[in-house]
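Peer 1: Structure below; questions to follow.
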Amino acid sequence: MTPDWHSSLILTAYILIFLTGLPANLLALRAFMGRVRQPQPAPVHILLLNLTLADLLLLLLLPFRIVEAASNFRWYLPKIVCALTGFGFYSSIYCSTWLLAGISMERYLGVAFPVQYKLSRRPLYGVIAALVAWIMSFGHCTIVIIVQYLNSTEQVGTENQITCYENFTQEQLDVVLPVRLELCLVLFFVPMAVTIFCYWRFVWIMLTQPHVGAQRRRRAVGLAVVTLLNFLVCFGPYNMSHLVGFYLRQSPSWRVEAVVFSSLNASLDPLLFYFSSSVVRRAFGKGLLLIRNPASSMLGRGAKETVEGTKMDRGGSQAEGVQSSEFVTE
């Protein structure tokens, strides 16, 4: 079936997100894996690694969305595939919101209480925070599977064609709409409020300390702006559809487009990684060099680069003499 213009537009968006997000997140994964393997990694390393994994989960499931869009949003795969891909797709989105909130809290605590934070931070805290984010997202998104067994793939038209998690009966809506509202409140508005407060304080501290370098100030502002864009542009439309749907007692017609914006998160997060970590900045730089010169190879140099990156970050912090500006991943 040839996709119409609407499906073609969404199909193009999904393909672009996949092509830009996958290589960038794979580079970030390689960089963060090197950091986490080091003794006593900071909690933020673990959170950033898990955010990368959440993005990769979404990107690996994106081909199913691409096939769906190419088929004019008719679902020709088995019903269980609809349930499992939807579960993983939406779980990755909502896991990202609390991971972003956790990263913002770590940044704020690092600059507001630098001495206490440095003395008390433990890798275990990052592991616990990441586990909580995954458990909350997986637990809430089981609604996708529950609704599947309420026959969430509904026949449309007269050709025995079905859609995936799109057309609902009244029985399904009675289950879906209240849960979507709770998802919106607990997994979007609460972490967004935490993130806005933490980055507001974080940026204010960074900009008002005279001994913080201009480059670090720019990275602090960039980090806050990218994170805020993530919430407002990527997650905002999709979660607003939950509020509108609950009020109207039916799914709004623009939910499909809102899901596309949520997927854009996987392409926007690498910018956050870039502002967060000097290791990622070097990895992206080496990736560009590799594209320009395919004969060169980065294999086998990860551990050496990670050690060098650690020394460079620490040296830079000492040179600036700013205890409270350790927002750059060490």
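The backbone N, Cα and C atoms fix where each Cβ goes, glycine too.
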Peer 1: With respect to the membrane, are ARG121 and SER253 annotated by Swiss-Prot as being on the same side?
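Peer 2: Opposite sides, per Swiss-Prot.
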Peer 1: Run through ASN151, ASN265 and tell me the one Swiss-Prot describes as N-linked glycosylation site.
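Peer 2: Record lookup in Swiss-Prot returns N-linked glycosylation site for ASN151.
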Peer 1: Could you check whether the transmembrane segment (44-64) packs against the transmembrane segment (256-276) - three or more CB pairs closer than 8 Å, residues at least 6 apart in sequence?
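Peer 2: Yes, since the transmembrane segment (44-64) and the transmembrane segment (256-276) share at least 3 Cβ pairs closer than 8 Å, they count as touching.
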Peer 1: Please figure out which one of 9-29, 80-100, 127-147, 220-240, 256-276 racks up the most CB pairs under 8 Å against the transmembrane segment (185-205).
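Peer 2: Ranking 9-29, 80-100, 127-147, 220-240, 256-276 by Cβ pairs under 8 Å to the transmembrane segment (185-205) puts 220-240 first.
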Peer 1: Let me check the 10 A CB neighbour count of ASN167 (N-linked glycosylation site). How many other CB atoms are there?
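Peer 2: A 10 Å sphere around the Cβ of ASN167 (N-linked glycosylation site) contains 15 other Cβ atoms.
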Peer 1: Per DSSP, what is the residue count of the topological domain 'Cytoplasmic' (30-43) in each of helix, strand and coil?
Peer 2: 8 helix, 0 strand, 6 coil
Peer 1: Using a Cβ cut-off under 8 Å, which residues of the same chain at least 6 positions beyond either end of the topological domain 'Extracellular' (241-255) come close to it?
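Peer 2: Hits for the topological domain 'Extracellular' (241-255): 166, 168, 173, 176-178, 180-181, 183-184.
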